[in-house]
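Below is one structure, written out as structure tokens, with a few remarks after it.
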Amino acid sequence: MNNNTGAILVLSGPSGAGKSSLLNEIINDIGECYFSISTTTRQIRDGEENGVHYYFVSEEEFKKDIEEDNFLEYAFVHGNYYGTSLKPVKKSLNEGKLVLFDIDVQGNTLVNNRLGDITTSVFISPPTLSELKKRLQDRSTDAQDVVERRLEMAKKEIQRISEYDYLVINDNLKEAADVLRTIAKASRLKVPDNEINEFVQKWEDIDL
Ligand code: 5GP
């Protein structure tokens, strides 16, 4: 069956799990993609650009978007709002693209509730909590209390790995990228419910 409806690949995992590095490794090998740029109320970090890493907005602007039903999903994470705008996602799906999300566990639940039949979800984890702590401290973009908060969040998120289709442990970047590449390619082959129904209907319409 030829699926040109597009598909969704959700990537979740603690900050410091290496999601961006993994994506950079595979992005040229997985066909036409759209990486969803989230909107957030958190402070911009050094090295980040508005409209590239996130759309950075005020809490007031974010709440207006909620009221106007502009989000496919949104969540309150680490004391800030994060949300996925619906419009560019719809457009990319209609163009048959693979839409990539970097969202938290709450977002994964919401996306699966709305578009589960075309969604594949992957939890990316560092091998251990102490390795995560080291990576966050080495990155030194966050103050110590923020690092502590992220570690606490990571402990909670890891309790919910069973809600994901796949777990990728990012110990060795190349090996983890190989696994993620395979999952991303397979995620495109998921057949949406309407296409399955059409296919089944065709079989029922044929008199033997
Ligand atoms: P960071 O502040 O490190 O960029 O992201 C913090 C967390 O927010 C990460 O777990 C990330 O996956 C999550 N996140 C980023 N964008 C979104 C979004 O649009 N929706 C949801 N639900 N989570 C998001």
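In case you wondered, yes, glycine gets a Cβ from its N, Cα and C as well.
Straight from TrEMBL, the features:
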DOMAIN    6-185  domain 'Guanylate kinase-like'
BINDING   GLY13, PRO14, SER15, GLY16, ALA17, GLY18, LYS19, SER20  ATP binding site
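In the shown protein chains, 13 other C-beta atoms lie within 10 A of the C-beta of SER20 (ATP binding site). The Cβ of LYS19 (ATP binding site) has 20 other Cβ atoms within 10 Å, all protein chains considered. Within 8 Å of the centroid of the Cβ atoms of GLY13, PRO14, SER15, GLY16, ALA17, GLY18, LYS19, SER20, where the record puts ATP, the same chain has further Cβ atoms from ILE124, PRO126, ASN170. A Cβ distance below 6 Å to any atom of ligand 1 is met, among the binding-site residues GLY13, SER15, GLY16, GLY18, LYS19, by SER15. Among the binding-site residues GLY13, PRO14, the residue whose Cβ has the fewest other Cβ atoms within 10 Å is PRO14.
Summarising the environment of ALA17 (ATP binding site), the number of other Cβ atoms within 10 Å of its Cβ, over all protein chains shown, is 24. Residue density at GLY16 (ATP binding site): 22 other Cβ atoms are found within 10 A of its Cβ, drawing on all protein chains shown. With a 10 A radius on its CB, GLY18 (ATP binding site) counts 23 other CB atoms from all the protein chains.
Across the domain 'Guanylate kinase-like' (6-185), mean pLDDT in this model comes to 94. Secondary structure from DSSP puts GLY13 (ATP binding site) in coil.
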